[in-house]
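Written below as structure tokens is the structure these notes are about.
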Ligand code: ASP
Ligand code: MG
């Protein structure tokens, strides 16, 4: 008998009908002879609504009470889903994070899972019951309820799959799988039959919202087989696994993009040994999330440093730097907003030189100016004008033949 973890995201449990639909997915797996533990998110936009509600009480809610509030969302779903399963004649029981044995770091808002004590779930499964577990929550060592960060139910599901050594972790969502790029933007974006952990991690970190990056990291570290699939369509989804076997010949597997990027340039800094570390330590200590960094190395006494950030934190970043202007000893700060990041991802790049060059050429052939570049073994990111973003994505999707191939046979 195989054990399967099935995770249902907010849109897949957004209404009573959808909750019944999720129940029928679980029942189907049970009827096929599997044991099932389900992990669920809060219904629809419940978490956003709760965040808004807190905002009507105070502009600065404490993180502890925020976690207490937000975890009620998942608690609604687990009870309703367990009721739906019972109504269909199946034995099921709902469990909050702490009842399920999810132990987290002693922090609020973004806690990591440290351990899952699976005794209770294992007993339930042995008794022939379906376990319905609240995602996104756990208990700290000081007996407080903590959340795992927005989108964290994916992580609960994968962690549970690892702890229970489940055969597979199925992530049910409102899309049919992982696509070459966002199908709302590129009409011919194609669903991938499989993608490797590393590629998925890059895509998730680059903002492809289908899976929480930490969940992918967890799945990679513990070798959890993941499948992203639709809760309403029957078709197979996308397998996330060690090596994406079906299309190894694909150099680029997907494209990710995000708008609202700003480039900041600090001009006329001392060209000393400590300059980079002083600037970026200051930014890090103040929680400024820096993405791409450019510094030209030269022998002059003064230098410039550029980096990119989300436009949303532009004002606070400039304010912070200005406050430390005399200790950092720089001349001035320039910024350029209205930018976007467009990235190509694929593990085939490791063994194929010239992929970046091909990307740059494709963009320059379209008169798209590249403002910044960063690379990893399996990714090339470029920063371009936001008004060129869609054209850049469409061009690259074409150039790297992401929609030209026939869909590969389903797994
Ligand atoms: N309900 C939480 C959120 O909206 C967790 C999740 O859905 O994964 O972020
Ligand atoms: Mg999600």
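Backbone N, Cα and C define each Cβ position, glycine as well.
Here TrEMBL flags 7, 8, 9, 10, 173, 174, 184 as ATP binding site. The secondary structure of residue 184 (ATP binding site), as reduced to three states from DSSP, is coil rather than helix or strand. Residue 184 (ATP binding site): 9 other CB atoms within 10 A of its CB, across all protein chains.
What TrEMBL lists as substrate binding site is 47, 74. In the three-state DSSP scheme, residue 47 (substrate binding site) is classed as helix.
Per TrEMBL, domain 'ACT' is recorded for 264-347.
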### Query
Relative to ligand 1, which of the binding-site residues 7, 8, 173 have a Cβ found under 6 Å from one of its atoms?
none
#### Entry: Max CA-CA distance, Å, over listed ATP-binding residues 7, 8, 9, 10, 173, 174, 184
24
### Query
Checking the binding-site residues 9, 10, 174: which ones have Cβ within under 6 Å of ligand 2?
9
### Summary
One should report the C-alpha separation between residue 7 (ATP binding site) and residue 74 (substrate binding site), rounded to whole angstrom, as 12
### Query
DSSP three-state call for residue 173 (ATP binding site): helix, strand or coil?
strand
## Note on the structure
Between the C-alpha atoms of residue 10 (ATP binding site) and residue 74 (substrate binding site), the distance in angstrom, to the nearest integer, is 9
### Query
In whole Å, how far is residue 9 (ATP binding site) from residue 47 (substrate binding site) when you measure between their Cα atoms?
12
